[in-house]
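The transmembrane segment annotation in TrEMBL covers 21-36, 56-81, 88-108, 120-139.
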Amino acid sequence: MQSAPVRFADSLLARIKRIEWLGPLLLRLVFGYFWLETGWAKLHNLEFFSGRFVEWGIPFPTFSAALSGATDLIGGALLMLGLGTRLATIPMIVNMLVALAVVVLPGISTLDEFVELDEVLYVAVLFWLLVTGPGKASLDHWIARRNGLVPAAA
């Protein structure tokens with residue numbers, strides 16, 4: 001017979017399991033909105049961001065700034081919808097890796113400084129979405145279910 005704390009833990013974990021779909025949804029909505037807003041800001045201040053890209057030595061600064069902004073805007077919207085999630089994360093990861101390599105890493109000298117970078121967290125979250133997908137509360141899951149790629153109960 002299980003003890004009261006074990007029964008309580010089992011009961012709590014069973015309840016949490018019923019709402020496990022909420023975690024990826026919340027992450028996608030918050031993170032996607034962040035990227036959508038970042039892309040919007042870049043595209044609506046393209047001259048400023050192009051100037052920053054010139055300072056950083058990024059080739060074709062106006063084109064690169066516009067591409068970065070469009071990647072953030074479109075990628076953020078797709079993350080929020082859970083549509084093409086895994087594919088959408090790839091250019092977003094590349095965008096962040098370029099930012100890390102060109103802008104951020106030259107000023108970093110310790111592992112502690114590296115792991116505290118926002119960009120490292122962004123890459124980690126995007127990579128998690130790439131390998132795990134958007135979760136059940138997503139258009140990707142709905143489309144897969146409609147096409148018989150996942151069971152209806154899943």
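Every residue, even glycine, has its Cβ placed from backbone N, Cα and C.
Of the candidate ranges 21-36, 56-81, 88-108, 21-36 has the most C-beta pairs within less than 8 angstroms of the transmembrane segment (120-139). Beyond its flanks by at least six residues, the transmembrane segment (21-36) meets 72-73, 75-82, 85, 92, 125, 129, 132-138 of its own chain at Cβ-Cβ distances under 8 Å.
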